[in-house]
Amino acid sequence: MSAIKLFPSHDAIPFIEQVRLQRPLIHCITNDVVQNFTANVLLAIGASPAMVVAEQEVEDFVAVASSLLINIGTIDSQSAKRMLLAAAKAKQTQTPWVLDPVAVGAALKYRTEIAQQLLTFSPSVIRGNASEILALSGQQSSSKGPDGLDSTDSALNAAKLLAEKYRTIVAITGEIDYVTDGKQIYSIVGGDIALTRVTGTGCSLSAMVAAFIATSKDRLAATASACFMMKKVGELANKQSGLGTFAMAIIDQLSLFNQNH
Ligand SMILES: Nc1ncnc2c1ncn2[C@@H]1O[C@H](COP(=O)(O)OP(=O)(O)OP(=O)(O)O)[C@@H](O)[C@H]1O
Ligand SMILES: Cc1ncsc1CCO
Ligand SMILES: [Mg+2]
C-alpha cells in the first residue's frame, strides 16, 4: 500500500496562476443541469469554456481545444454518440481529456456501458464521487443517482486499480478527496458539506481539472490543485445567506482566489 501524502496547499498556486496566464480553451460536453454553472466556474478561474456539442462539430473542436470534458450526467443515445466521437478524436490528437462518470452503477446500465466504452479512449483523468469510482471499477456501490453515498476511503483501492488499468489519474471526491495515478496518492482535506447541497460542484470541478491539466504536464499535481481550489472556495464562500447565494459565492471566491489562501 502506497503512503498517502497530504497535498501541500502552496503547491497549488503555480497551477492556478498558469490557468489565468494561459487561458486554456475547454471543450465541454456536459450535462444539461450544470451548463451555465460550469461555464461561469471556468471563466472565474480564467479559462475559456466552449459547450460545443453538435455531432458534426465535436471532432473538429477537440482538435483545436486545449482540453476536453466529457460528463455523462444527462446522457441519451444522441449525446452518447457525440461523446464517443469526441473521446476517440481526443485519443487520436492526444488532447487531454477528463471523464466525469455521473451516476454509473447497477441502477443505470446504459450509461455504465457507455462509460466503459469511453474508458477505452484513454481519459487523462477520471473524476467522480466514491460511488461512481467503485461502480466504474466493477465493484458494489451504494448510490442509485448522481449523489455519492460511499466514503472515499472505501473507494481508494478501486481508484488505484482503475488508474493502473487505464494508465490514468483518478480523483475521488467527498469529505476527503484522493488523487492517484495508481502509485502516488494525494489527499485533500477541508471543504464544506454545503458543496454537496448545490448542484454541479463536482461537475464543475471536473471542468476545472480539464483546465488545470491543459496548462501543465504534471497531471497528478494539477488535478490535486483543482481539488484543493474547490475545497478551499467551499470554505471561504458565504453560507449564512442560504444555498442560492452560496452557489454564487463559489464563483465569487474562485474569481477572487489569491495566494494568501
Ligand atoms: N462531506 C464533505 N465535506 C466537505 N467537502 C465535501 C464533502 N463531500 C463533498 N465535498 C466536496 O464537494 C465537491 C464536490 O464533490 P462531490 O463528491 O459532491 O461531487 P459530485 O457528487 O460529483 O457532485 P455533482 O454531481 O453534484 O456535481 C468537492 O470539492 C468535494 O471535496
Ligand atoms: C441532478 C443531476 N441529474 C443528472 S446530472 C445532474 C447534475 C449533478 O450531477
Ligand atoms: Mg458527479
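In case you wondered, yes, glycine gets a Cβ from its N, Cα and C as well.
Per TrEMBL, these features apply:
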BINDING   M51, G200  substrate binding site
BINDING   R127, T173  ATP binding site
List the Cα distance (Å, whole number) between R127 (ATP binding site) and G200 (substrate binding site).
13
In the structure shown, which of the binding-site residues M51, R127, T173 has the fewest other Cβ atoms within 10 Å?
M51
Separation of alpha carbons, G200 (substrate binding site) and T173 (ATP binding site) (Å):
13
Using a Cβ cut-off under 8 Å and a sequence separation of 6 or more, which residues in the same chain sit near G200 (substrate binding site)?
V33, V34, F37, T38, A247
Where does G200 (substrate binding site) sit in the DSSP three-state scheme?
coil
